[in-house]
Amino acid sequence: MLKGIHPALSPELLKTLAEMGHGDEIVLADTHFPAHSLHKNVIRADGISIDILLEAITPLFEFDAYVDAPLLMMKAVEGDSLDPNVETRYLNAIESAVGFTPNLTCLERFDFYTRAKQAYAVVVSGEIAKYGNIIIKKGVTPIL
């Protein structure tokens with residue numbers, strides 16, 4: 001255990017966040033996401049909701065300032081419903097952790113899958129919300 005590190009962050013996830021460079025993306029996926037068929041670098045965070053993971057990750061993570069939206073979510077498939085509280089919950093978690101909310105855009109389901117394949121890693125969470133997946137694009141970490 002380390003002081004100042006959120007207990008939701010496993011050693012494997014901390015290592016992954018540290019390895020990522022600017023422009024790299026990480027997927028925080030719900031329990032329904034086909035992580036293992038889309039990606040080789042899959043990290044388990046069973047039982048931990050994505051809003052908790054966002055509260056844990058975002059204080060350690062610089063968002064990419066050179067893109068319009070460093071946050072990406074999946075749109076509901078036509079004819080399906082999406083709980084608007086999911087996006088609100090995620091943005092509130094980020095706001096609570098870092099004091100602001102970066103821009104967010106939504107991708108069609110298969111565009112999201114294509115983007116997820118290119119990510120640095122996929123974190124499978126305990127999130128049960130339908131379409132509860134989010135991609136975060138890492139920015140340049142300022143040197144203090």
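Every residue gets a Cβ built from N, Cα and C, even glycine.
These figures come from a predicted structure and were not determined experimentally.
What Swiss-Prot annotates here:
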type     : residues                              : note
ACT_SITE : His22                                 : active site, proton donor
BINDING  : Asp30, Arg109, Tyr131, Gly132, Asn133 : substrate binding site
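For the recorded substrate site, residues Asp30, Arg109, Tyr131, Gly132, Asn133 set the reference point as the centre of their Cβ atoms, and the other residues of that chain within 8 Å of it by Cβ are Ala29, His32, Phe33, Met73, Met74, Phe112, Ala129, Lys130.
Close to Gly132 (substrate binding site) in the fold, though at least 6 residues off in sequence, lie Asp30, Ile50, Val86, each with a CB less than 8 Å from its CB. Summarising the substrate site geometry, the residues cited as binding it (Asp30, Arg109, Tyr131, Gly132, Asn133) extend over a maximum Cα to Cα distance of 14 Å. Most Cβ neighbours within 10 Å among the recorded positions His22, Arg109, Asn133: this distinction goes to Asn133. Secondary structure at Arg109 (substrate binding site), taken from DSSP and collapsed to helix, strand or coil, is helix. Within the same chain, residues at least six positions away from Tyr131 (substrate binding site) with a Cβ under 8 Å of its Cβ are Asp30, Met73, Met74, Lys75, Ala76, Leu82, Asp83, Val86. In this structure the alpha carbons, written CA, of Asn133 (substrate binding site) and His22 (active site, proton donor) are 21 Å apart. Its Cβ placed at the centre, Asp30 (substrate binding site) has 21 other Cβ atoms within 10 Å. For the pair His22 (active site, proton donor) and Arg109 (substrate binding site), the Cα-Cα distance reads 25 Å.
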